[in-house]
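Student: From Swiss-Prot, here are the annotated features:
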type     : residues                                       : note
ACT_SITE : 13                                             : active site, tele-phosphohistidine intermediate
ACT_SITE : 91                                             : active site, proton donor/acceptor
BINDING  : 12-19, 25-26, 64, 91-94, 102, 118-119, 187-188 : substrate binding site
REGION   : 126-148                                        : region 'Disordered'
SITE     : 186                                            : site 'Transition state stabilizer'
């Protein structure tokens, strides 16, 4: 291994149509809204201004992350780099909550149950029925996933377990070549990765929020441990304000 630190950039997709409507999204494939597109472009500008230019990008199979990567890379003039996509970087599957309004869910089930489903490490929501309009059971992009691995609901622990094989088999090999790696993904798949990188406990991960569209830069040592624990946001003031807004999701009317 090289002695120089490895460079990893995490980027949560820009605001989506359902983020703006305060709906649980999960595996439902919604697009970015206009604000989200601008966030993605700004994310690329931040990368370029910082001189932190990715050599390869990894993203999910969901269009909001794919589109964010495209817009950010175009803005940073890195549209030509290799792109790898995996369902293992998808957002957490929210089960029967997918498509539901967060504020209405909070009012219906109460804050304790709402927060248990939304933020506990190992308590998933009820599973999504196959016949639901928000089911991905017939989606061709997931046809190659063995049925036993295709989720109908997930907690964050499930996301960690399905994401980590891709970290070791897909992302780490690119880091080992000395490439600067961009991972454009989702709030919970990135929380799962940050939990692993920073060694965050099952209890403390509940308090971690990742804002949309603001690159989070990590420098990793040769054991892939952060030299800058918690990472460094390229726009820390905007990140702090956005993190506070994420905390308040569910309270919006």
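Using N, Cα and C of the backbone, Cβ positions are placed for all residues, glycine too.
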Student: Do any residues, 6 or more residues outside the region 'Disordered' (126-148), come within under 8 Å Cβ-to-Cβ of it, and if so which ones?
Tutor: 26-29, 61, 87, 93-99
Student: Could you give me the DSSP helix, strand and coil counts for the region 'Disordered' (126-148)?
Tutor: 5 helix, 0 strand, 18 coil
Student: Between residue 187 (substrate binding site) and residue 91 (active site, proton donor/acceptor), how many Å separate their Cα atoms?
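Tutor: Between the alpha carbons of residue 187 (substrate binding site) and residue 91 (active site, proton donor/acceptor) there are 7 Å.
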Student: Fewest other CB within 10 angstroms, which one of the binding-site residues 26, 187?
Tutor: 187
Student: Just counting, how many other CB atoms are there within 10 A of the CB of residue 186 (site 'Transition state stabilizer')?
Tutor: 27
Student: According to DSSP, which of helix, strand or coil covers the residue listed as 'active site, proton donor/acceptor'?
Tutor: coil
Student: In three-state terms from DSSP, label the residue listed as 'active site, tele-phosphohistidine intermediate' for me.
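Tutor: Once the DSSP labels are grouped into three classes, the residue listed as 'active site, tele-phosphohistidine intermediate' ends up as coil.
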